[in-house]
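Student: Quick one: the structure is below, questions incoming.
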Amino acid sequence: MARVQASDSLIPRQVFEVPPAEPNNSTATADSGSQGSGVKLKKQIGLLDGVAIIVGVIVGSGIFVSPKGVLRFSGSIGQSLIVWVLSGVLSMVGALCYAELGTMIPKSGGDYAYIGTAFGPLPAFLYLWVALLILVPTGNAITALTFAQYLLKPFWPSCEAPIEAVQLLAAAMICVLTLINCYNVKWVTRVTDIFTGTKVVALLVIVGAGVWWLLNGNTEHWDNPFSGGLQDPGYIALAFYSGLFSYSGWNYLNFVTEELKDPYRNLPKAICISMPVVTIIYMITNIAYFSVLSPDEILSSDAVAVTFGDKMLGYLSWIMPFAVACSTFGSLNGAIFASSRLFFVGARNGHLPAAISLINVNCLTPVPSLIFLGVLTLLLLFIKDIYVLINYVSYVEALFTLISVSGLLWMRYKQPKTERPIKVSLALPIIYLIVCLFLVISSCTQTPYVVGIGTIIILSGIPVYYLTIHNPVKWLADTSQAINLWCSKFFICMPNQEKFD
């Protein structure tokens, strides 16, 4: 197997010595013509699949976990609802900015590709580095732990389930979904479609019960909705972190642009359909929560939807934890599918070991990348405080989203003539930058430890970059080559053989 050399350039270098294998299912393709013949990922994600991926990834653990975090740091029901709405609006603004980036740079990898194009290989690698250590596996671990907690709740109704049982069930879920993603992309989209419907049904049950409760005259929680609101900017920033965590995933479709049919049309359409739908669903779901449960009940619950179900559904209360578990199952499925492509693209560009860029010649899925991501996620299951994890993820994600949108403005200045199928108003990225700056700076005053650790992890990527990519140490390069060869044989894989401009 030929070696993929590490390079400062974000233009992938591919050398192939093995002829492509004939694919045996619909997840693969071997095209001929201008792109050449070879093993590569196939464009098979349509508009509805794109909408399902975005909604499926966003509506996961967040809406069932974050209401407690938003209320804790906002202090009142009314202020919490404002945070939820503004978090949705901000996510929509960010998604529109990413629509311009995604259609101007139609490559998989999302922020990694955009930061690399705008600012060069080192900032792109630093994003990949923190995504590797914090963003992706932590987000997936949170979703998996939430799945396990909700599914086990009926068996321990009066107390928390043993942490070992939660971790074991979460680990089993990660392994099953990793296997599905390795085998067939069509299975992935079908699972996403099915469980997206399940989670919407669960939220409609919550909304319906909340409406019934209000119509019966139970409006006491709305008598003074802004009582107790916190005004400190640091607390407001932390409330937004919890709210934005629930909307995280709006940029995941950008990670799989190369597998999206007609990305210039379907990427922005999927964003414009998905984000308003999610914002409306979240708003009315929170109104239902606050109508039925008092602030003290929400703050004392680690499973808000289950507490809601226990109070409203009687002997059918088991439906709620089951539905929430289904919701998080579908969310994690979409997240694994999209985020594994980030590491695949990073390895294809020489910023991770070449083995992670290999594609199975039978299923034509990035099997090593998926397994690598699965192992990282399993390791993070042993961290117990889910809200610390949310703060870590939110700070780093806000910082690099800020950098990506800064890249949009920079490329408007440096590359004004570059074709932009979608060009948003200049006010949108500026507004997004200002808000992200507020969140990043304000969090420094309230969670300096989290910010400090996150910053150290980011900066630790600089020596790693120079030792492994810019001027690689020989023994590391030899080790990477040996791992690449072993993975090629063990997983029956080849490098991606599609040519890129």
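Including glycine, each Cβ sits where the backbone N, Cα and C put it.
These figures come from a predicted structure and were not determined experimentally.
Pasting the relevant annotations from TrEMBL:
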type	residues	note
COMPBIAS	23-34	compositional bias 'Polar residues'
REGION	18-38	region 'Disordered'
TRANSMEM	45-65	transmembrane segment
TRANSMEM	77-101	transmembrane segment
TRANSMEM	122-145	transmembrane segment
TRANSMEM	165-183	transmembrane segment
TRANSMEM	195-215	transmembrane segment
TRANSMEM	235-255	transmembrane segment
TRANSMEM	267-292	transmembrane segment
TRANSMEM	312-338	transmembrane segment
TRANSMEM	359-383	transmembrane segment
TRANSMEM	389-410	transmembrane segment
TRANSMEM	422-441	transmembrane segment
TRANSMEM	447-467	transmembrane segment
Student: With pairs 6 or more apart in sequence, are the transmembrane segment (389-410) and the transmembrane segment (312-338) linked by at least 3 Cβ pairs under 8 Å?
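Tutor: Stretch pair does not touch.
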Student: May I ask whether the transmembrane segment (122-145) has at least three C-beta pairs under 8 Å with the transmembrane segment (447-467), counting pairs 6 or more apart in sequence?
Tutor: yes
Student: Please work out which recorded stretch in 122-145, 195-215, 235-255, 267-292 has the most C-beta pairs separated by under 8 angstroms from the transmembrane segment (312-338)?
Tutor: 195-215
Student: Looking at the stretches 122-145, 165-183, 235-255, 359-383, 422-441, which one shares the most CB pairs under 8 Å with the transmembrane segment (77-101)?
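Tutor: Highest pair count goes to 235-255.
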Student: Counting Cβ pairs under 8 Å that are 6 or more apart in sequence, does the total for the transmembrane segment (122-145) and the transmembrane segment (422-441) reach three or more?
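Tutor: No; fewer than 3 Cβ pairs under 8 Å.
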Student: Does the transmembrane segment (235-255) make contact with the transmembrane segment (195-215) through 3 or more Cβ pairs under 8 Å, each pair 6 or more apart in sequence?
Tutor: no
Student: Which range wins on Cβ pairs under 8 Å with the transmembrane segment (359-383): 165-183, 195-215, 267-292?
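Tutor: When the Cβ pairs under 8 Å are tallied, 165-183 comes out ahead.
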